[in-house]
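Undergrad: Take a look at the following structure, please.
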Amino acid sequence: MSANSFKLLVKNATQLVLVCRNGEKYLTRDEMQALAVLENASVLIGHDGLIKAVGPADVIETQFEGAKFDNVLDASGMCVLPGLVDAHTHPVWAGDRVHEFAMKLAGATYMEVHEAGGGIHFTVAHTRSASEQHLLAALKSRLERMMRAGTTLVECKSGYGLELDIEVKMLRVINSARKSLPIGISATYCGAHAVPKGKTMEEATKDIVAVQLPKIKHLSASGDLQVDNIDVFCEKGVFDLTSTRCILQAGKDMGLNINFHGDELHPMNSAHLGAELGALAISHLEEVTDDGIVAMAKSKTSAVLLPTTAYILRLTPPRARDMLDAGVIVALGSDFNPNAYCFSMPMVMHLACVMMKMSMPEALAASTINAAYALNRSQTHGSLEVGKQGDLVIINAPRWEHLVYQFGGHQELIRYVIIKGDFVYENDKVLNL
């Protein structure tokens, strides 16, 4: 391939949102308010799928005069943003829980639904009986919908098996999707999502540490699986702090990043535990303490906040402002699962602004570079900088903020989604403002 030949030139964008200026791996405090944005700019992607140049349109045109491009897109009147990163999802399951929505609207709490045989255990029963082919088809459909909403990198958890064979089945499904779809995937083993029926917490912990994790390590070493992270639901009535520590440490010892559910329904001191263990990320944190926030800021453990959860369960939202002001690396995720059925990171950003008092720049940073950091991918994803993967979202609007501002409007705003310089979604139904 000629050194003067490139896969894609996107030129003349009204706004090109780089997010980062100097290769930052995450943004905190005032950095999140001052995102790097170029006016009338272009971005160039090579045949290897990586960004080769970004800058003012006239400078790029002059610098690459005579170059050949497989595709040229004139983005006049449009805005270009980095592909969005969804840092927390549960997308592999069978059996929706639409019937439980009525229970919640009538006042049932999450744990009341759980104790009545609903919630996670309902989904576990259906997922155990579903074929691998059924689960893969459903996962592919869900990931396609996420891509159409601008997500180009997503964390995908297991956790609706709670026994070795089904957890491995779910991880195989995630691995198959990784190989067959363009969207980037970070795979998380979440066998400690709940205590299986008929077992105690102690028995479940022993099974995970002595049986499940060694098998997953073996399958990963042989190339049959690719698992990146380990997760535990650290919660009253689920896995306590001692069991959580045991499972997370075992996962860390086999090379997995710690990325777990903590301080969601009760203050469990999960934030302290995560900071102590060197966790990459802790999700939820609705009940985090002041000391926990300080500990996370010091340890550079990212807080993956999930406004959809507080919204659907009518919980007090996470204290995003306190975390931001303390210097915590704040990221966002959709928490897509049968309980919180949301594919859309633009809607998550809007909810984060309204419910958690984040600004629009903070929400975008939390859905790009900081979410990538939570998945240990901020060296390759989360901003539009030379050397990073060429993942773009292009919207039909004069300012990038419309992607956050127009609640539920992303389907008419997003014109193109691009991954590694390839068009993975082209929307001919965009409407002018």
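Every residue gets a Cβ built from N, Cα and C, even glycine.
Sharing the features that Swiss-Prot gives for it:
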| type | residues | note |
| --- | --- | --- |
| BINDING | TYR160, HIS193, GLU264 | 4-imidazolone-5-propanoate binding site |
| BINDING | TYR160, ASN337 | N-formimidoyl-L-glutamate binding site |
| BINDING | HIS261, ASP335 | Fe(3+) binding site |
| BINDING | HIS261, ASP335 | Zn(2+) binding site |
Undergrad: Looking at the binding-site residues HIS193, HIS261, which sits with the largest number of other Cβ atoms within 10 Å of its Cβ?
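TA: The residue with the most neighbouring Cβ atoms within 10 Å is HIS261.
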Undergrad: In terms of Cα spacing, which of the binding-site residues HIS261, ASP335, ASN337 are within 10 angstroms of HIS193 (4-imidazolone-5-propanoate binding site)?
TA: HIS261
Undergrad: Would you kindly give the Cα-Cα distance separating TYR160 (4-imidazolone-5-propanoate binding site) and ASP335 (Fe(3+) binding site), rounded to the nearest Å?
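TA: For ASP335 (Fe(3+) binding site) versus TYR160 (4-imidazolone-5-propanoate binding site), the Cα atoms are 14 Å apart.
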Undergrad: How would DSSP class TYR160 (4-imidazolone-5-propanoate binding site) in three states?
TA: coil
Undergrad: Can you count the other CB atoms that lie within 10 A of the CB of GLU264 (4-imidazolone-5-propanoate binding site)?
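TA: Excluding its own Cβ, the number within 10 Å is 27.
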Undergrad: Among TYR160, HIS193, GLU264, the annotated 4-imidazolone-5-propanoate contacts, find the widest CA pair distance and round it to a whole Å.
TA: 19
Undergrad: Counting only residues 6+ away in sequence within the same chain, which have a CB under 8 Å from the CB of TYR160 (4-imidazolone-5-propanoate binding site)?
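TA: When sequence neighbours closer than 6 are ignored, TYR160 (4-imidazolone-5-propanoate binding site) has HIS90, VAL92, TRP93, ILE120, THR123, VAL124, THR127, ARG128, ILE166, MET170, HIS193 within Cβ distance under 8 Å.
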Undergrad: Where GLU264 (4-imidazolone-5-propanoate binding site) and ASN337 (N-formimidoyl-L-glutamate binding site) are concerned, what is their Cα separation in Å, rounded?
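TA: Distance (Cα to Cα, whole Å): 16 Å.
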Undergrad: Applying a 10 Å Cβ distance cut-off over all chains shown, what neighbour count does ASP335 (Fe(3+) binding site) have?
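TA: So the Cβ neighbour count for ASP335 (Fe(3+) binding site) comes to 27.
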Undergrad: At the level of the C-alpha atoms, what whole-angstrom distance separates HIS261 (Fe(3+) binding site) and ASN337 (N-formimidoyl-L-glutamate binding site)?
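TA: Distance between the two Cα atoms comes out at 14 Å.
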Undergrad: Please work out the number of neighbouring Cβ atoms within 10 Å of the Cβ of ASN337 (N-formimidoyl-L-glutamate binding site), leaving out its own Cβ.
TA: 24
